[in-house]
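The Fe cation 1 binding site annotation in Swiss-Prot covers Tyr24, His34, His58, Asp59, Asp161, and the record cites experimental evidence as its basis. Under the heading (1R)-(2-amino-1-hydroxyethyl)phosphonate binding site, Swiss-Prot lists Glu27, His62, Lys108, Ser126, Arg127, Lys128, Thr129, Leu130, Glu131, Tyr132, Gln133, Arg158, citing experimental evidence as support. The feature Fe cation 2 binding site is assigned by Swiss-Prot to Asp59, His80, His104. Feature annotation from Swiss-Prot assigns site 'Important for stereospecificity with the R-enantiomer' to Glu27.
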Amino acid sequence: MSLSNSSKVSVLISLLEKSRDLDYIGEAINQLEHSLQCAYFAQRSGADNEMVLAALLHDLGHYCNDTSFEDMGGYGVWQHEKVGADYLRGLGFSERVACLIEGHVAAKRYLVSSKASYLKNLSDASRKTLEYQGGPMDEGERRLFEEREDFKDCLKIRAWDEKGKQTDLKVPGPEHYRKMMEEHLSENQN
């Protein structure tokens with residue numbers, strides 16, 4: 001028996017709420033606050049709903065499964081971008097949302113390799129996870145990444161990811177995104 005779109009969204013909201021208890025490793029906020037801030041910045045910038053949802057759910061792979069995935073030395077789930085994207089594909093989210101989520105780690109690797117100042121501005125935790133994520137891209141990887149149709153959108157997700165680490169920022173809670181998620185799932189049904 002498959003879940004209704006409303007039930008799928010309730011599961012996601014429950015996962016988001018539970019992430020309140022998870023440290024956003026190396027930062028002064030929790031995982032929920034980070035996710036909500038990223039979505040807030042996306043929405044405030046005028047991004048479309050798929051971008052807002054990708055920003056909201058980009059770190060879902062750290063906490064969407066009860067099973068144990070390979071760890072990045074205490075810095076979260078290795079390949080969390082793929083774990084989260086695949087989880088959302090299974091729920092019926094669009095390929096664009098999944099690809100944007102997969103692309104946020106590649107965007108970090110790209111920016112580190114193409115902007116000397118970017119690495120200096122990363123938090124200690126983000127620098128540490130970069131090692132597990134493949135380090136800076138080489139020239140060939142950069143060219144391939146730049147050829148992606150969603151290249152610029154992946155960089156935007158990454159920018160919101162970096163910005164979404166503020167303490168005491170008041171933003172809407174997970175329920176604010178319920179209707180957006182339900183409509184997205186309805187639009188993407190075959």
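Glycine residues also receive a Cβ, built from the backbone N, Cα and C atoms like all the rest.
The Fe cation 2 site is set by Asp59, His80, His104; from the centre of their CB atoms, other residues of the chain with a CB within 8 Å are His58, Leu60, Gly61, His62, Glu81, Gly84, Ile101, Val105, Asp161. In this structure the alpha carbons, written CA, of Arg127 ((1R)-(2-amino-1-hydroxyethyl)phosphonate binding site) and His34 (Fe cation 1 binding site) are 17 Å apart.
Taking the binding-site residues His58, His80, Lys108 in turn and counting surrounding C-beta atoms within 10 angstroms, the largest count is reached at His58. With every protein chain in view, the residue among the binding-site residues His34, His104, Arg127 whose Cβ has the most Cβ partners within 10 Å turns out to be His104.
For Asp161 (Fe cation 1 binding site), the same-chain residues that are 6 or more apart in sequence and have a Cβ closer than 8 Å to its Cβ are Cys38, Ala55, His58, His104, Lys108. With the fewest other C-beta atoms within 10 Å around its C-beta, Glu131 stands out among the binding-site residues Asp59, Glu131.
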